[in-house]
Amino acid sequence: MRCISCREEYLPRNAGTCKECYVEAGETEEELKREIDDLKAKVAFLRLSSSLDHGTSSTSRSFTDVVLIASEDNAGSPPIPAHKSVLVSRSPVFKAMLENEMEESLSGTIKISDVSYDALRTFVYYLYTAEACLDEQMACDLLVMSEKYQVKHLKSYCERFLVTKLSPDNSLMTYAFAHQHNAKHVLDAALSQIVENMDKLTKREEYMELVEKDPRLIVEIYEAYLSKQVNTAAGGTSTSKTS
């Protein structure tokens, strides 16, 4: 028998590879593990400590020089401390806001509209750590904020999460949401779900709401559906001619 790696002859009792290739593969695996561990250590080293971290000392908090306030919460939620340098390095919008003599830069207070305290806190924490605990609502809230403040890494992170939560039941509303916020990855995945389940979804209440509120989306959905039908028919015709 021949080795699947180097194509050299090997004894039949060996499982698919010769001894040399097996040893080499094991060494490569160990090397990759070491590289992964090294990368993890570097990420941990480069991860910025946030004033929102549990156990952060009051000393480190004293070095913050800006606070963010969620204006949606009228119950007097506490301001969220941060560092201008971090906000500026993570967001072009914050950079323009804080490097010029705008009100936020002078006052040291940034009011964020249409966002809950929890969403804003998670957003700021992500800017420091590239970590966020998501559910579907939080992912939507953070995607909106990441688009507004041009935090591309966070937007991609939220999009990937939302795609994993897609189903025929939520595909229509997710499609409308993704369209509104330019979330192309989610948009394409939701459209695929809709097209695959078109016969069921056209009878749903969400579909009728979409017809009334945003008929252009319905046009796009039907264009995608008809395109799929044409491609399917063309594929069937080609197969029958070949046979």
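The backbone N, Cα and C atoms fix where each Cβ goes, and this holds for glycine too.
Since we're looking at a predicted model, the values are computed, not measured.
Of all ranges given (19-51, 52-84, 184-216), Swiss-Prot attaches the label coiled coil to 19-51.
The average per-residue pLDDT of the prediction over the coiled coil (19-51) is 77, rounded to a whole number.
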